[in-house]
């Protein structure tokens, strides 16, 4: 009986402490609008080659693509580097992702081993891939599953 009481108390306390993701920035609060903006951005930039330090259609890196997308589509100013982007907003669980959230990956070592994209919908994200340029990828892909680091809501 005592064990049951302790177990019930522990379960109630655990339920009260559940982390709830914060609401998105007001400019990202309408998922339909965000998805449309991300689709338009992908259509405009699809296939743009990867270029470290780039922020134009002649070449763009992952954090540059995030900066340009958030600025041009949602009027949001983000830091330029992936490491800085990984510290803004609030960290959220992967199962709480909403369109417009940032997804981060550890694809190598050191500061240059980080990668960032923007969550779209249906477990997909848009990003500037080093091998294929700007594209849409699935978080279900084994590579991205293995290297997933964190998600952040801005």
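Cβ atoms here come from the backbone N, Cα and C positions, even for glycine.
What Swiss-Prot annotates here:
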ACT_SITE  62  active site, nucleophile
ACT_SITE  115  active site, proton acceptor
ACT_SITE  127  active site
DOMAIN    32-154  domain 'NlpC/P60'
LIPID     16  N-palmitoyl cysteine
LIPID     16  S-diacylglycerol cysteine
SIGNAL    1-15  signal peptide
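All features noted in Swiss-Prot, drawn onto the structure.
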{"residue": "62", "record": "active site, nucleophile", "DSSP class": "helix"}
{"residue": "115", "record": "active site, proton acceptor", "DSSP class": "strand"}
{"residue": "127", "record": "active site", "DSSP class": "strand"}
Summarise the domain 'NlpC/P60' (32-154) by DSSP state, stating how many residues are helix, strand and coil.
43 helix, 37 strand, 43 coil
Around the residue listed as 'active site', how many other C-beta atoms are within 10 angstroms of its C-beta?
27
